[in-house]
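Student: I have a structure here, written as structure tokens, and I will follow up with some questions on it.
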Amino acid sequence: MTIFNHTLGFPRIGLNRELKKAQEDYWSGNLLYEDFLCVGSQLRRENWKKQKDAGIDYIPVGDFAWYDHVLSTSMMLGNIPERHLNVNDNKIDLDCLFRIARGCSPDVAASEMTKWFNTNYHYIVPEFNKNRILKFSWKQILEETDEALLLGYKVKPIILGPITYLWLGKIKGEYFDRLDLLKNILPIYKQVLRELSQRNIDFVQIDEPALVLDLPEKWKKAYSYAYEYLNGTTKILLTTYFDSIEHNIEYIRDLPIYGIHIDLVFGKYNLFDFNSKLPKEWILSLGVINGRNVWRADLIKLFKSISTILKFRKKLLIGSSCSLLHSPIDLQKEKNLDKESKKWFSFAVQKCTELSLLSKALNKNDTDSIQKWCSSIYERNFSKRVQKIEVQNRLSEILNVNFKRSDSYNIRSREQKKKFNLPILPTTTIGSFPQTLQIRKLRRDYKQGLINDVDYEIGIKKHIKEVIKEQEKLGIDVLVHGEPERNDMVEYFGENLDGFIFTDNGWVQSYGSRCVKPPIIIGDVSRLKPITVKWSKYAQSLTDKPVKAMLTGPVTILFWSFPREDISLEKIAKQIGLALRDEVLDLEKEKIEIIQIDEPALREGLPLRKSLWNEYLSWAVDAFRLSSSGVKNTTQIHTHMCYCEFHDIMHAISFLDADVITIETARSDMELLKSFKTFKYPNEIGPGVYDIHSSNIPSITSIKFLLNKAIAYIPVERIWVNPDCGLKTRNWNETILALKNMVCAAKEMRDKIKKIT
């Protein structure tokens with residue numbers, strides 16, 4: 001038996017973020033349509049070549065997306081929201097795709113965006129309408145398959161599976177069972193598979209990550225119906241990732257498919273036992289190389305594990321655990337990483353090399369080459385940069401009292417209301433203000449040593465002063481300093497905490513054109529000196545209004561970084577929590593008495609199986625409270641969350657015991673607030689009243705409409721008024737117009753409430 005290798009997908013953004021730049025140029029009218037298409041074609045060709053040159057046998061196609069692969073599937077199925085379809089003669093084209101993703105006017109809003117399972121990638125949520133007619137409308141998968149075949153590659157097309165697609169979407173309008181749409185979309189899937197079968201391909205990868213979830217019974221049974229219907233078109237490799245599918249094996253093993261892919265990184269399998277449950281004729285694809293982290297793989301360990309089942313399986317593939325979408329592209333692009341640490345890492349291109357080395361070692365039963373690859377892993381175990389005894393000692397000395405505020409919210413709230421004397425429906429923002437070219441240049445010049453500390457501080461303070469001035473002119477109640485010193489909400493803190501390392505080009509896609517460069521946690525974490533105190537203190541000196549300090553929470557820093565794999569996530573989170581606790585207390589000493597600790601990643605850290613939620617939420621909440629609980633009653637703690645559903649973790653959110661929580665709700669039309677109807681959240685809430693991810697300027701009427709919706713769920717005396725998220729990606733004109741309308745809406749609502757009372 002020859003063992004072949006494959007990846008489940010490759011990063012689509014380009015080595016130098018070419019896709020991001022092309023998207024933004026196209027949206028602004030600075031790039032022609034034909035030239036934009038050429039950028040996409042060039043990126044695909046480069047990706048295929050990189051994988052082939054690294055030794056990948058089956059080259060994936062269909063993993064490229066102009067914005068998001070779930071949105072591409074909606075386009076393929078012709079599942080276009082009516083408000084976007086009627087803009088341009090019902091034409092389903094690239095501009096239609098971008099309208100769905102970004103919106104084009106207040107009346108033609110973007111579709112909702114949310115997290116892709118428990119990752120930091122975001123997808124555009126499909127909208128389902130009972131009466132929508134669906135048909136094969138977007139032939140990107142066929143065109144790109146032909147493109148790769150013409151170049152001589154052994155091609156493996158990738159399609160998001162029908163059940164997972166329906167699971168990820170939401171009903172708009174009249175309620176009906178989403179599974180009723182299965183009979184409408186399966187003929188389209190069948191048509192696509194039949195057309196692919198006419199090409200020179202061995203099999204098609206159909207992604208069904210929903211199989212790792214605790215699905216309702218009828219959804220499990222739907223798999224049988226769907227894949228019986230698709231049987232006979234072409235060979236199907238059913239692909240799962242992010243967790244184990246053992247709990248659903250009885251529904252999977254009878255499916256008429258070519259084989260199954262499992263994630264051996266995040267799924268806890270007894271491989272020998274699991275293999276025995278599968279049909280002998282199936283090909284088994286083992287996801288052994290972590291697609292979501294940057295550490296070099298222990299190929300010797302993997303060789304031994306895979307070798308145990310070789311004689312029991314006639315056909316075997318090895319691959320990445322999931323798409324390499326979540327990994328930076330090429331470690332060789334990093335010129336400033338020190339020699340010691342650089343040997344510890346593996347990015348997408350190197351992960352392809354790992355798959356090639358491992359498949360060759362297994363086929364030859366020879367471990368010489370992989371032993372050499374693993375030598376740096378063993379060296380890391382003895383590095384002084386990893387283990388720090390003083391951090392470990394402090395963590396071991398934590399007491400229960402460190403996780404609790406001294407008094408309840410009701411007592412704190414009375415003291416805070418007396419101290420701050422804010423109006424009903426107080427206005428604030430989430431933290432960041434527009435990151436202008438001047439701000440970016442200032443930071444870049446400082447980082448490159450072109451300006452000194454004094455000039456940098458003068459420049460940053462100038463921008464802070466402008467932000468404070470604009471907020472005062474607008475009449476905002478609680479101000480922020482605007483974060484001009486921060487390139488990214490996680491990277492900035494990582495740069496100022498010990499235990500992190502940074503890349504120059506380790507970009508990964510978060511959504512659309514938004515890319516992030518996560519820091520890497522390489523050792524025990526601690527704070528060496530104050531991080532934000534200087535800037536917040538200066539901002540507060542410019543105004544009599546309260547200024548809110550902005551910190552990124554421990555769970556978000558953890559999950560938006562590439563974490564260590566040698567200790568538990570809980571330990572890392574609590575180390576970060578202790579470091580932030582020091583920062584919070586220093587802010588309080590300097591009379592900064594409203595402090596926001598952002599935790600947008602709280603929900604994405606949830607295990608995909610609900611049976612494991614309580615354990616995770618227990619330590620995640622503890623890490624937050626460790627950072628926030630040391631302050632006085634009069635210091636108001638805020639937290640912010642975005643892009644997520646809250647209804648099933650409301651108890652955990654309440655246990656955070658933040659005085660105020662601000663949340664993303666505008667894009668979902670306040671739908672998330674339904675959670676507050678059944679769960680009486682005890683503290684204050686700022687439901688986002690407009691979507692900052694769209695360039696649309698919200699009207700006063702639309703903001704008041706959303707506030708009235710919020711009042712139906714939350715007592716008005718506990719509501720704050722704020723945008724959905726930070727304003728970093730918006731320009732100043734959009735920001736001023738939107739905030740002006742937000743403040744006007746809040747004032748009009750106050751006047752209305754006064755008249756009623």
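Here the Cβ of each residue, glycine as well, is placed from N, Cα and C on the backbone.
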Student: According to Swiss-Prot, ILE430, GLY431, SER432, ASP598 bind L-homocysteine; so which of GLU379, GLU483, GLU485, GLU491 is the extra one listed there?
Tutor: GLU483
Student: According to Swiss-Prot, ARG17, GLU18, LEU19, LYS20, LYS115, ARG514, CYS515, TRP560 bind 5-methyltetrahydropteroyltri-L-glutamate; which one of GLU466, GLU470, GLU472, GLU604 is annotated to that same site?
Tutor: GLU604
Student: ARG17, LYS115, HIS640, HIS693: which of these recorded positions has the highest Cβ count within 10 Å of its own Cβ?
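Tutor: Max Cβ neighbours within 10 Å, all protein chains included: HIS640.
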Student: Could you check which of the binding-site residues ARG17, CYS515, GLU604, HIS640, CYS642 is the closest Cα neighbour of ILE430 (L-homocysteine binding site)?
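Tutor: Looking at Cα distances from ILE430 (L-homocysteine binding site), the smallest one goes to HIS640.
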Student: Determine, to the nearest whole angstrom, how far the Cα atom of GLU664 (Zn(2+) binding site) is from the Cα atom of ASP598 (L-homocysteine binding site).
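Tutor: Pair distance, Cα basis, whole Å: 12 Å.
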Student: Which ones are near SER432 (L-homocysteine binding site): of the binding-site residues ARG17, LEU19, CYS515, CYS642, CYS725, which have a Cα within 10 Å?
Tutor: CYS725
Student: For CYS642 (Zn(2+) binding site), which residues in the same chain are close in space, meaning a Cβ under 8 Å from its Cβ, but six or more apart along the sequence?
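Tutor: For CYS642 (Zn(2+) binding site), the qualifying residues are PRO600, ILE663, GLU664, GLY688, ASP724, CYS725.
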Student: Drop a 10 Å sphere on every Cβ of the binding-site residues LEU19, ILE430, CYS515, CYS725 and tell me which sphere holds the fewest other Cβ atoms.
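Tutor: Each of the binding-site residues LEU19, ILE430, CYS515, CYS725 was scored by Cβ atoms within 10 Å; lowest is CYS515.
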Student: Taking the centroid of the Cβ atoms of ILE430, GLY431, SER432, GLU483, ASP598 as the L-homocysteine site, which other residues of that chain lie with their Cβ within 8 Å of it, listed in sequence order?
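Tutor: After dropping the recorded site residues, what remains is THR429, VAL480, MET489, MET550, GLN596, HIS640, CYS725, GLY726, LYS728.
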Student: Including all protein chains displayed, how many Cβ atoms other than that of GLU664 (Zn(2+) binding site) lie within 10 Å of its Cβ?
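Tutor: There are 26 such Cβ atoms around GLU664 (Zn(2+) binding site).
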Student: Please report the distance from the Cα of HIS693 (active site, proton donor) to the Cα of ARG17 (5-methyltetrahydropteroyltri-L-glutamate binding site), rounded to the nearest angstrom.
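Tutor: Here the two Cα atoms are 20 Å apart.
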Student: Which of GLU483, ASP598, GLU604 has the fewest nearby Cβ atoms, counting only those within 10 Å, among these binding-site residues?
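Tutor: Result for the binding-site residues GLU483, ASP598, GLU604: minimum number of other Cβ atoms within 10 Å at GLU604.
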